[in-house]
Each structure stands twice: as C-alpha cells, then as structure tokens.
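According to TrEMBL, the protein carries these features:
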- 121, 145: substrate binding site (BINDING)
- 200, 201, 220, 255, 256, 257, 258, 259, 281, 307, 331, 332, 333, 334: NAD(+) binding site (BINDING)
- 62-359: domain 'D-isomer specific 2-hydroxyacid dehydrogenase catalytic' (DOMAIN)
- 155-333: domain 'D-isomer specific 2-hydroxyacid dehydrogenase NAD-binding' (DOMAIN)
- 283: site 'Important for catalytic activity' (SITE)
- 331: site 'Important for catalytic activity' (SITE)
C-alpha cells in the first residue's frame, strides 16, 4: 500500500520572482471545505467562523498562497456540489457537525486526495480502513472542543436531574403546574455519576462535577492519573457491566469504533438502574436507536440528552425527536464560538504544515502511513 505523499512544500515562481503560487501551478492544492450554512446568522458575529459563509476565516490566506479553496454545504446526492470536486481535490475539510460521510466509494473516486482533515474532534464519518488502504492521511484538531463539550455535558446533567424541560414547556404553553415538574426533580448532590470514557472531555467533566459532591465513577481502557483521582474523588471500574447498575447518571464519552458501535443495546440498557439518566455527546451509533426509544417510553430511562444523531442531520422522522423524556438538540456542543476559533486555528496550522511537508502533532493523527490510531483499532 503506497502512502500518498503529503509534501506540498516546493513553490513555483510566478515569473516575477515573488515565489507566489498560482491556482494552476503544479504545487497549487485544491482544498474543499464542507461546513453548515449559517444564512441570516452568518453576519451576526464576526467570530462565527465555523459556518460555510466564513469558511474558518482562511480563504484569503489560502488564496494568497495560490491555492484553490472551494466551500459548500451541499454534500448529499450524486449531483451535489461536493461531487463536482471529489475527483481532483487534494484536501477535504469537514466537521462532525455537518459531516461528509467519506465512504470507500468516495475515497475510490478521490484519486488526488492526500489529506482528510476534521475541523473538530471525531473522525468516525470517515471509512478509516478505506482511507488507510488508500494511503490517505486523516487528521483532526484534538482538544479543540474539550472544554465546550464538558461544559455542555454538565448542563445536560442538570437539565435532566432538575426536570427542567417540562417547566420550560409550561411557560411557552401558558401553563403553570409545579407538581408536573417537582414530582421528578432532584438534587445532583449525592447522586452517583458514571463517566464512560475518561479522555480529555471526561477528565474535564470529572473536575467540573467535583463541587456538586457527587459519587464519581469512571470506566476506560486506562486509569486517569492518581493526582486527578485524588482531586476529583473519582473511582475506576474496569468492568462496564459492573459500573452501570450503580449509576443514577451515565455520561458517554467514548469514541465510535467497531468495538463501541451499538455498545448500549437492549441487553445492556436493561442492566442500567431503572430511572437512569443518560447524557451522550459522543456518537449516537454507540446506542441502539430503538432500544433507547423503548427504554425512554417504558421509563427505564427517565431522561436522555445529547446532541449526536445517526445520521446527521437527523431526518424529520427520527424517533429520538418524538420519544418521551428527552432533551436532545442538534449537534452543537463542540461548535461554540470559542471552539470554532480553536479548530479554525488548528486547521490553518495543519494546512501550513501540510504545505511545508512537516509532521502534524502526534495526537492529531487518526490515520498515518496506513495505520489507524490506537483508539480506532
């Protein structure tokens, strides 16, 4: 398997001695970015760089270097804008919030593709084996969303524990029924919260939960540092099926891999404490979609909240839109303005290294020289 070379460092001179690349020069690269469209919201905040209109704020920089930058939100179907550029693009930038599902079929068409770049974290929208087999490098901006997602998860825990949404709906509907909220509103203090996946986001969430005086448990392939365990009071549990029945709240933070796909099926959900609350900002496919619907309908899951769906965008008839006791949103937790600025900077830095033929930060590689990062193996 031949790795497609990433070096774009050699510049051709434009005839004036300036060293500027032209869009049709041998070293000019075609970069395609696919982002969600902001429409009327695009002009409301100059820092709103994650939308298609702002295009991560890197257009002028790229074009000044002689590269071609195609930006679109149109990614579905055989006649979409993306399809027009697959055959000759060198770099594809996509996001978890408006993902391009980079299938083996798309990879086969993309003869010039060298770099798949996720503006954010989570590259499960890419067929990673097909990318590895084709010698394509897959990179993301590790850590860019960690604070944003951890804060969002804490918010969702509180929304579920305090039974917030029925009260909000009452106000919107002109109603007033305290009992309809209070009969299942609790304090977070004293509850057992289990963090499934204690990577960057999980660690930050443990730190943010500490002041609430919860009983904190976590499950992962590896333990966190003794110092962080002492700081947070979190206790490690190696066996997933042992930790789950102990938890009043379960927060899922694992990446989507072949091992975690469908991990929470009907059988495993049945092992959860009756009345459990679940927060999942990781990936929807970790859950069995219908099993979640059934458990929410029966009351076995008392509340389910998250911002990830399968597929995305979620179709109008997605059953999670209509199941009881949910607090779902579109995929937004990792695309706050602060997070956008972080991953926009990361994308620019990654492209700069790509043009110079330099290595990327080790933690950002998902596929390198035909090998998958350990978390995806």
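Every residue gets a Cβ built from N, Cα and C, even glycine.
Overlay of TrEMBL annotations on the structure.
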| residue | record | Cβ contacts under 8 Å, 6 or more apart |
| --- | --- | --- |
| 121 | substrate binding site | 96, 140, 141, 142, 143, 144, 145, 146, 334 |
| 200 | NAD(+) binding site | 142, 143, 146 |
| 220 | NAD(+) binding site | 196, 197, 198, 199, 202, 236 |
| 256 | NAD(+) binding site | 122, 124, 282, 283, 285, 286 |
| 258 | NAD(+) binding site | none |
| 281 | NAD(+) binding site | 149, 152, 153, 156, 201, 252, 253, 306, 307, 308, 333, 334 |
| 331 | NAD(+) binding site | 96, 97, 307, 308, 309, 312 |
Let's check the environment of residue 145 (substrate binding site): how many other CB atoms sit within 10 Å of its CB?
28
Around the Cβ of residue 333 (NAD(+) binding site), other Cβ atoms found within 10 Å total 24
What is the total of other Cβ atoms whose distance to the Cβ of residue 283 (site 'Important for catalytic activity') is within 10 Å?
24
Between the two most separated Cα atoms in 200, 201, 220, 255, 256, 257, 258, 259, 281, 307, 331, 332, 333, 334, the residues recorded as binding NAD(+), what distance in Å do you get?
25
